[in-house]
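Asker: What TrEMBL lists as compositional bias 'Basic and acidic residues' is 401-433, 457-466. Among the features that TrEMBL reports, domain 'DEAD-box RNA helicase Q' is placed at 2-30. Residues annotated as domain 'Helicase ATP-binding' in TrEMBL: 33-208. Under the heading domain 'Helicase C-terminal', TrEMBL lists 239-383. The annotation region 'Disordered' is assigned in TrEMBL to 386-489. Look at TrEMBL and you will find 2-30 tagged as motif 'Q motif'.
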Amino acid sequence: MSYFSDLGLAEPILRALETKGYNDPTPIQRQAIPALLEGRDLLGIAQTGTGKTAAFSLPSLHRLAADPKPRKPASCRMLVLSPTRELAAQIAENIKGYAKNLKLGVDCVFGGVPIGKQARRLVQGTDILVATPGRLLDLIDNRALTLGRTEIFVLDEADQMMDLGFIHALKRVANLLPKNRQSLFFSATMPKSIEDLGKQFIQNPVRVEVAPQSTTAERVEQYVTFLNQAEKQALLSLRIRAMLADKTLDRALVFTRTKHGADRVVRNLNAAGIDARAIHGNKTQAQRTAALEAFRQGSCPVLVATDIAARGIDVSGVSHVFNFELPNVAEQYVHRIGRTARAGADGIAISFCAPDEKPYLRDIEKLTKVKLEQVPLPENFLAEAAKLPSAKRTPEQLAQDARREERDERGRFGDRGERRGGGGRDGNRDGGRGRPQGQKPAQGGQRSGGDGQRTAAEGERGEAGKPRRFRPRGAPGVGAHRNKVRRAG
Ligand code: AMP
């Protein structure tokens, strides 16, 4: 018998958990499930990776199953709002698994795919609907859905919703929900603006907080290399190639600041013989699903992503996270490196820091209270970099790339929350994430337009000339920091 039974969950749910091999509830599950079974509202401060999907799904399924009702057309009994398509799909899959021994229907709707099919599915109504906010409102506007029968409402990743500019959509949803309902509100961070948003949804909630963000980073070995922007691609290709060759890398997530930057990194990795794919808001849903699936199954070991696209993606076995560019919001760094070190495993995070990114690094170290260990460029870096083939681009294509990246960059630093054109109201805008208050601006003019245009920054390399290699996972090493780094040769 599992410890889940102590929490009072119904037998069909316990059986589903047994099939999944979950024995013990995670801390957030232990804290949240009893209160949710009583019908209380909940304010949860938790990141993806803590088991929060099950924390809100299991007691909700229990309550819905305990009070069976026939499905009503264009209605749902439980609504889960999620900021991105991937996360919505993942949540729906999880809920389907937990509900497999119950007679409850689970459906998922998000933008980027035709709306007609989704609307037709909703004609019969469903028990549990997982949705991104834009598509939800489109369906409501098309009279394919009403929220008047929603008994349980879950708002997931509230901070990300705000960053994506969903505030007005959420206020509309709040007005459409019946007053008499149970509401759950989750966010990884709880600044005042998010707390105020929460007040529109939840009443007298139980407050549950697990693993404050800055501490989740402790299980991850963290390194930084100081270099110029133009040197990053070569270092990334060399590091990944070496790690794949000596089998120290299982799966790597590479974070870039912009969508076009992600495409450029993929092109160059491919040119260097490394199988990599990109996932970001400009890709079609089919491309994103295919890339994620290849990464999940291990046929493609490197996934290059922007923050928004990668948020919440639950892929086990990510051994390395590379920050090709440092995020300008320190919390984002914690989210990124949280993609590795999931479910108790440890992971390695490697950041590439250009001179104009040093203020971001300072903010990150202040938040995480971890000083990143400095790793110099390899001794033979320039010679090795020169040997790397680069992706063939015509001068016109290069100019176009530079223009696109500039546009991406403007979008990032532009109006907070503003959405940019194309593709309906789904939750995967990568842009519009303005610099938060108090954030230091990037020092202008540092970014290069293409590859290989800048020379090495001497004096930024720590013990320059001593090549180092990241230790295989689990292998012993030498030196400080529990020997996370081993010198080669
Ligand atoms: P989440 O935070 O909901 O994204 O969950 C993170 C991962 O932990 C998912 O892969 C879940 O399937 C898994 N998980 C959730 N609850 C448990 C549990 N009690 N025991 C083991 N794994 C779990």
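Backbone N, Cα and C atoms are what each Cβ position is placed from, and that goes for glycine too.
Could you tell me the structural context for the features on the list?
Answerer: On the 0 to 100 pLDDT scale, the domain 'DEAD-box RNA helicase Q' (2-30) averages 90 in the predicted structure.
Helix, strand and coil counts under DSSP for the motif 'Q motif' (2-30) come to 17 helix, 0 strand, 12 coil.
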Asker: Same chain only, please: residues at least 6 beyond the ends of the motif 'Q motif' (2-30) with a C-beta under 8 Å from a C-beta of the stretch. Say none if there are none.
Answerer: 37, 44, 46, 50-52, 54-55, 58-59, 61-62, 65-66, 97-102, 208, 210-211
Asker: What are the DSSP helix/strand/coil residue counts across the domain 'Helicase C-terminal' (239-383)?
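Answerer: So the domain 'Helicase C-terminal' (239-383) is made up of 65 helix, 25 strand, 55 coil.
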